[in-house]
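Trainee: The structure under discussion is supplied below as structure tokens; questions concerning it will follow.
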Amino acid sequence: MMRRPWLLSALVAWVKLPSVQGEDLFSLGEIDGSLLNGASDACVAAINTKVSCPSTLGLLHFDSDMELDTAEIKELCQGSCLTSLADLRDSVKRTCGSEVTFEDPVSGALWKASYLMEEAIYYAERACLRKGNGQYCNTWFQSAPADASLCDECYKLILWHNAQSPLSEDTSEQKEIYTSASSSCGYKKQPTQTYPPLLVSSPMATPSCSSEYTIKTGDTFLSVSESQRVSTHDLATANRLDSLVSDFPSSGKLCIRNQCDVYVVKSGDTCESIQSENGLSKARLRSWNPFINGYCDNISSYVNQTICISNPLGDYKVPENQDAAGFDTPAAVPDNIAPNTTTNCGLFHNVTAGDDCGTIGLKYSISLDDFIFLNSMIWPNCTNLWLRASYCVAPVGDIADYPGYGPEEDEWTIEPQESTEIAEIPHIGWLNDSRPYVPLANSTREDCWEYLWWNETYAGSPISCREAALGYELDLEQFFLWNPSLDQNEPDAVSPTYDFPCTISPFVSYCMQLASPTPVPKTPRVPPSPRAAGEIANCTRWFMGYFDCASQLSLSRMTMEKMYRYNPSLKEDCSGYTLGTFYCHETLDDLYHYDDALYGDDETSPITSSAPTSTTASSKTSSSAAQPTNVSTDGTCGGAKGKTCLNSAFGDCCSSSGYCGDSLPYCGGGCQSKFGKCDAGSEKISPDGTCGGDKEYTCEGSQFGDCCSQYGYCGRATDNCGKGCQKQYGVCT
């Protein structure tokens, strides 16, 4: 479910929730007076009063539609929680009055003082909605058939609840949706109450214009963008025009700001082609055009629009000292200096949201190599900047005078003689782990795509296991299966439960996501409703239409073409968009056939083989020893227990690291045929990233890349697929 921006910004105000069971005193947020305008000490104390609610209430803040078990529903809905929340809300209204406002620290929006209480009441009431027969809708949704009627009473109750929420800036649209559904389904429309909105004001930035342009006959978004040297997106944003740039005004004046050299995006352009044509790095292209998303897969949305190919904010130079370039004396060392950053530094930069090494280098005119030299904790790919930490961005004096800078110089000379050229040591990309070395928890899976390490320095006290699993959309059974050191059930328990207190450790990391699809849960998740008619098949994730079409496109990081393809009822111009309807934005193809270029080296593109490897059942072979006995029940295989994956719930193939699955990492190179099926020819597919040599491993079809470099390593980068690539052991370009 798509979350509203006010939900995301409100996270700052909520404290981390203790992992407790049952109803207890629960804090909605440790709010100090700095976030409350005009509040007395008594008002601050009232707002920070704890309520008698279970910790489930805090989890609903992250996912208002999370599935609750019977005990959780009973604690939340049949105890004193709702009464306690209502009492606190009324107490805050009496104590604080109508003039006190709560300021959202992220968006700057002002809310009435009772905002946190109303927000919590909304979540609790939504989770406690019940049919006329007494069944809770939360329980009904968990078991409802996929073809359940959209006119079921629970759908009606959800729409009714949304239509009278005081959290909305304007409930009129939700009321229209509820009225329409009541009419089409033929059920009696319950009256909805109208509450005064909680939102007092939302800040509206006033653009700072460097000049104004008077609109002429025949002007278009593109013509004005080109003549005034601004990006089309910024022209629309500065003047609050249609973000789809489909309706240009016929008269008036336009604010012109952030001028730059512009490039008109053509059909077929990619970020890589634009960078190559204009001599730009990806960091510069992205920082000068922040509306291009991190994957650069929405560039086609800006065809026939201008983008910036020079800095729209102007070039920044490090201030020069009158006596010498740079800084003569070290700057004061900040309290939040990053680990392993030199203190002999002329200037520090405090990292804020949106910073990356590209923008920092651009701002302070420092090369990436020099930045890494002064801040040795930074990885070569510079993806581990810490938020709110200070890094050195300028040396004291000449950086070449720093010990260890540059190559060592011999103090003697030798006469040049003929010598044999030594081959360059290969860059083995797959061995260079891009994460900090934090040991895995005991028995945690070692073949995961993503691990979680809780950094106490900036994140505070560790969270509960349930919150960690919820943050990655994992059910608890799956989370504990991958991280068994946290599981408190007896080994081989017949009916394990997961309601025990559990907190993750800040000293180890945990598996949160596999590199390939995980087994389908026993109980399929029921699609949301109402959904758009005629949506694409195999949809796995939806968003609800809360905002206008253009805003929804931006939030979901989809192009209009893709959104229309997934949801034909929208029509090509999005004129069929309906608020309150769920639209598809992710399918099985998105999950199973992701583009390696999105996750790999920024400077590489995916290499496809002319003979794709099939992973269907017909292309797999199994050893005679791999019989459906001693079948794995926990997803592990081989080893001392000798468990087989054949006919298991996790997949028929046993990977080299001893886990069951059905995709390439399990059935390809290194697959253990003694404990399940393997792809035909998998014994020749590289299990460890090496190729050729005595073993004559091939890279094609391996998880490391299809190209075999001249040095005998698999990969997909230019070093592997270009000069010296060994065609007999893989694909070459």
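From the backbone N, Cα and C atoms, a Cβ is placed for every residue, glycine too.
Taken from Swiss-Prot, the feature compositional bias 'Low complexity' covers 605-629. Here Swiss-Prot flags Cys637-Cys654, Cys645-Cys660, Cys653-Cys667, Cys671-Cys678, Cys691-Cys708, Cys699-Cys714, Cys707-Cys721, Cys725-Cys732 as disulfide bond, drawing on sequence analysis. Marked as domain 'LysM 1' by Swiss-Prot on the basis of sequence analysis: 211-256. Residues or ranges marked as domain 'LysM 2' by Swiss-Prot on the basis of sequence analysis: 261-309. Look at Swiss-Prot and you will find 347-393 tagged as domain 'LysM 3'. The domain 'Chitin-binding type-1 1' annotation in Swiss-Prot covers 634-680, and the record cites sequence analysis as its basis. Summarising the annotation, Swiss-Prot assigns domain 'Chitin-binding type-1 2' to 688-733 and lists sequence analysis as the type of evidence. For 605-637, the entry in Swiss-Prot reads region 'Disordered'. Swiss-Prot lists 1-22 with the feature signal peptide, giving sequence analysis as the kind of evidence.
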Trainee: Considering the disulfide-bonded residues Cys645, Cys732, which residue's Cβ sits among the greatest number of other Cβ atoms within 10 Å?
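Mentor: Highest number of other Cβ atoms within 10 Å: Cys645.
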Trainee: Which range wins on Cβ pairs under 8 Å with the domain 'Chitin-binding type-1 1' (634-680): 211-256, 261-309, 347-393, 688-733?
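Mentor: Most contacts with the domain 'Chitin-binding type-1 1' (634-680): 688-733.
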Trainee: Can you break down the domain 'LysM 2' (261-309) into helix, strand and coil residue counts using DSSP?
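Mentor: So the domain 'LysM 2' (261-309) is made up of 19 helix, 6 strand, 24 coil.
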Trainee: For the disulfide-bonded residues Cys654, Cys660, Cys721, which one has its C-beta crowded by the most other C-beta atoms within 10 angstroms?
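Mentor: Sorting the candidates by Cβ neighbours within 10 Å, the top entry is Cys654.
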Trainee: C-alpha of Cys653 (disulfide bond) to C-alpha of Cys637 (disulfide bond): distance in Å?
Mentor: 9
Trainee: Count the Cβ atoms, other than its own, that fall within 10 Å of the Cβ of Cys714 (disulfide bond), considering every protein chain shown.
Mentor: 30
Trainee: Within the domain 'LysM 1' (211-256), count helix residues (DSSP H, G, I), strand residues (E, B) and coil residues, in that order.
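Mentor: Helix/strand/coil tally for the domain 'LysM 1' (211-256): 15 helix, 8 strand, 23 coil.
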Trainee: Return the member of Cys637, Cys667, Cys678, Cys699 nearest to Cys725 (disulfide bond) in space, with distance defined Cα to Cα and candidates limited to these disulfide-bonded residues.
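Mentor: Closest candidate to Cys725 (disulfide bond), judged by Cα separation, is Cys699.
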Trainee: Over the domain 'LysM 3' (347-393), work out the mean pLDDT and round it to an integer.
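Mentor: So the average pLDDT across the domain 'LysM 3' (347-393) works out to 81.
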Trainee: For the domain 'LysM 3' (347-393), DSSP counts of helix, strand and coil?
Mentor: 15 helix, 9 strand, 23 coil
Trainee: For Cys691 (disulfide bond), which of the listed disulfide-bonded residues (Cys637, Cys678, Cys699, Cys707, Cys714, Cys721) have their CA atom within 10 A of its CA?
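Mentor: Checking Cα-Cα distances against Cys691 (disulfide bond), the disulfide-bonded residues within 10 Å turn out to be Cys699, Cys707, Cys714.
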Trainee: Could you state the CA-to-CA distance between Cys721 (disulfide bond) and Cys671 (disulfide bond) to the nearest Å?
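Mentor: Cys721 (disulfide bond) and Cys671 (disulfide bond) have their Cα atoms 25 Å apart.
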Trainee: Rounded to a whole number, how many Å is the Cα of Cys707 (disulfide bond) away from the Cα of Cys714 (disulfide bond)?
Mentor: 5
Trainee: In whole Å, how far is Cys714 (disulfide bond) from Cys708 (disulfide bond) when you measure between their Cα atoms?
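Mentor: Taking the Cα atoms only, Cys708 (disulfide bond) lies 5 Å from Cys714 (disulfide bond).
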Trainee: Could you tell me which three-state DSSP class Cys667 (disulfide bond) falls into?
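Mentor: Its secondary structure by DSSP: helix.
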